[in-house]
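In what follows, a single structure is set out as structure tokens and then discussed.
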Amino acid sequence: MDAGSLWLYRWYYSDLCQRVLGFTIFLILALAFVEFPSSLTRTADVRYRSQPWQPPCGLTETIEGLCMLVFVVDFSVKSYLVGQAQLQDNLWLLAYFVVLVVSVVDWTVSLSLSCEESLRVRRSLRPFFLMQNSSMMKKTLKCIRSSLPEMASVVLLLTIHLCLFTIIGMLLFSIGEKDEAQNKERLAYFRNLPEALTSLLILLTTSNNPDVMIPAYTQNRAYALFFIIFTLIGSLFLMNLLTAIIYNQFRGYLMKSLQTSLFRRRLGARAAYEVLASTAGLAGATSEAVGVNPENFLRVLQKTQLHKIHKQAIMQKVCSYEGRPMLADEFQKLFDEVDKGVIKEYPPMPQYRSPFLQSAQFLFSHHYFDYLGNLIALGNLLSICVFLVLDSNLLPGERDDYVLGILDYVFILYYLLEILLKVFALGLRGYLSYHSNIFDGLLTIVLLVLEISTMVVYRLPNDSGWKPKQYGLLSLWDMTRLVNTLIVFRFLRIIPNVKPIAVVASTILGLIQNLRAFGGMLVVAYYVFAIIGINLFRGIIVPPGNSSLAPDNHSALCGSFEQLNYWSNNFDDFAAALITLWNVMVVNNWQVFLDAYRRYSGPWSMVYFVLWWLVSSVIWINLFLALLLENFLHRWDPQGYKQLLVGTQQITYQTSVELMFRDILEEPKEEELVEKLHKHPHLQLCR
């Protein structure tokens, strides 16, 4: 707690240092796209992929070495700040040290072997740097770990369910019976025990439904009951039961986090009060004047990193005490202002003396003028849809772009006029103070530039047979498509003007910000499985004609990997591996991947894909759904929680999540805070 350590603490958690550390983590993770095997090719299709550029040995290793040097400094500073005693008990820091040592050793081996080693262990360890730098990801991992016993029980039930129905299916569809449909079913999906188990596992995700049922159902209706009962128990009951268990485990997760956060904030504020009051006591304050001197508080406040508006609100509240010492309860209430998030204060509109200009300003600043603009944008969108329907069966050279070209000119001129009128009514600063206006204005300027470029290159449309030749990089049809695509995006301007949509959109954006930790967990899972997949399956998928295992499309079985042209789904580089994992996570046609990699690499490959299905589709998707429901139910409030602070400026505040649920959260007791402070190992209170 000496001055040097406090300075180092503030420096380490400064915006600059944290941004440097965040950029370093991003850089070392992004190296997977460039280093061998490189993803720098136009396509991932093994039939058409050119030889990618491979960085020379030492280039990516040098960048990686600099990144690890930053991590060594990061570990050293953290270890020094927490102290040796806490370092020995902190498993994350100890794991950080082990990962750094293994990475440095593996990096040294790579350089000594001239980057020719077949396996790089450190690549699979890189996501750890992302996890250890995020407290929310650590908490999320802890919650997942606590949920594993409950999830394991459901997975065990699913396993028993699969095994029982696999045995029953093998007995039902056995070769040797008189019914020909049974033989077809057995040969197609129940040839042996592993294939039968795989078929029912895929049916659990409904990916091969009704294909797996059709051969038997075609001949006998009764066989459909087997597959219906299996799907009802497995997909509709057990899988949804897993979602319910995860939701129950994480129910109240937000409230627990908010309660812990509230306790920490109350404890920190009370510690600050005790320290400042102790300072006042040492300065000669009497027992009747116990509390915090407002002047001392204001001097400390100037050194804090708070929003300017928050500081002003706190200073106004302190001045209302008229110089008398603040007691603990009054001191704590000052920090309620920090819970309030500032909604931007809009600049005043220009003042016009002319009655005509004042009337025009009122007209063009009214929300009905926005509704008119939305109606015009809707008409523009509908006109594009009409031409898309009329020209759907025509080639670009056969389309008549005369009418559509004229309409685009007219609509874009109106958009430009709308911007000018809004700037006149609101002023330039007032116009730019709305995010929707910035979005609208930028798209309109881009559309205007594109239309001017089209007019310069291809001239104005002169008749209905107007089909000029292509000049430059883009043809007229390409320019028209680009313009119309931007017009479609511009239609999103209606979101702020439709209140129910605006409330839902703002809630979703808030959820995305609060669920970044769970997105980070998915990034970690993708990264680790992609690296493992590259080490296991790189070069396994070969183009047709290069191997007897890869038949051409004409001789391939219908619905197979080759017949569906899934050649881009491979693990030959990091980017291709990510897309392949995404396609498997969606579980649509994932039986095609299981079959192909079983044929090309062996039956053990199914273990990899089933594990990825469990991690991504079963655990993570259900976890995300449970947390999404929990957050959405607590955050949803169509009326908003707005307060108006009384002061020199009329500023509207949007309360934070903590303040929304302040009536639900339990306020920490005085005895709990004092006891916690007295047990603090590094805070010696004089009072």
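Keep in mind that glycine also has a Cβ here, set from the backbone N, Cα and C atoms.
Predicted automatically and left uncurated, TrEMBL annotations should be read as such.
According to TrEMBL, the transmembrane segment annotation covers 20-41 (among others).
Taken from TrEMBL, the feature domain 'Ion transport' applies to 42-250 (among others).
Per TrEMBL, transmembrane segment is recorded for 62-81 (among others). Under 8 Å from some Cβ of the transmembrane segment (62-81) lie the Cβ atoms of residues 5, 8-9, 12, 20-21, 24, 27-28, 31, 87, 93, 96-97, 100, 103-104, 107, 122, 129, all in the same chain and six or more residues away from its ends.
Annotated transmembrane segment per TrEMBL: 93-113 (among others), in sequence order.
Taken from TrEMBL, the feature transmembrane segment covers 154-175 (among others).
The transmembrane segment annotation in TrEMBL covers 222-247 (among others). Counting same-chain residues at least six beyond the ends of the transmembrane segment (222-247), those with a Cβ under 8 angstroms from any Cβ of the stretch are 147, 150-151, 153-155, 157-158, 161-162, 165, 168-169, 172, 181, 185, 200, 203-206, 209-210, 212-213, 216, 618-619, 622-623, 625-626, 629-630.
The domain 'Ion transport' feature in TrEMBL is assigned to 367-632 (among others).
Same-chain residues lying 6+ beyond the ends of the transmembrane segment (371-390) with a Cβ under 8 Å from its Cβ atoms: 403-404, 407, 411, 414-415, 418, 484, 487-488, 490-491, 493-494, 497. The transmembrane segment feature in TrEMBL is assigned to 371-390 (among others).
If one looks beyond the transmembrane segment (402-426) by at least 6 residues along the same chain, the residues whose Cβ comes under 8 Å of a Cβ in the stretch are 349-350, 360-365, 369, 373, 376, 379-380, 383-384, 387, 437, 440-441, 444, 447-448, 451, 454, 461, 463-466, 480, 483-484, 487, 490. Summarising the annotation, TrEMBL assigns transmembrane segment to 402-426 (among others).
The transmembrane segment annotation in TrEMBL covers 438-458 (among others).
The transmembrane segment feature in TrEMBL is assigned to 518-541 (among others).
The annotation transmembrane segment is assigned in TrEMBL to 574-594 (among others). Sequence-distant contacts of the transmembrane segment (574-594) (same chain, at least 6 residues past either end, Cβ-Cβ under 8 Å): 32-33, 37, 39, 44, 198, 202, 205, 207-208, 526, 529-531, 533-534, 559-561, 564, 566, 568, 605-606, 609, 612-613, 616-617, 621.
Sequence annotations record features per position, and here TrEMBL assigns transmembrane segment to 606-629 (among others).
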Inset, instruction - Tell me, roughly as an integer, the mean pLDDT over the domain 'Ion transport' (367-632). - result: 79
Legend entry - For the transmembrane segment (20-41), distant same-chain residues with Cβ under 8 A (at least six beyond the ends): 49-50, 52-55, 60, 63-64, 67-68, 70-71, 74, 115, 123, 126-127, 129-130, 133, 527, 530-531, 534, 538, 572-576
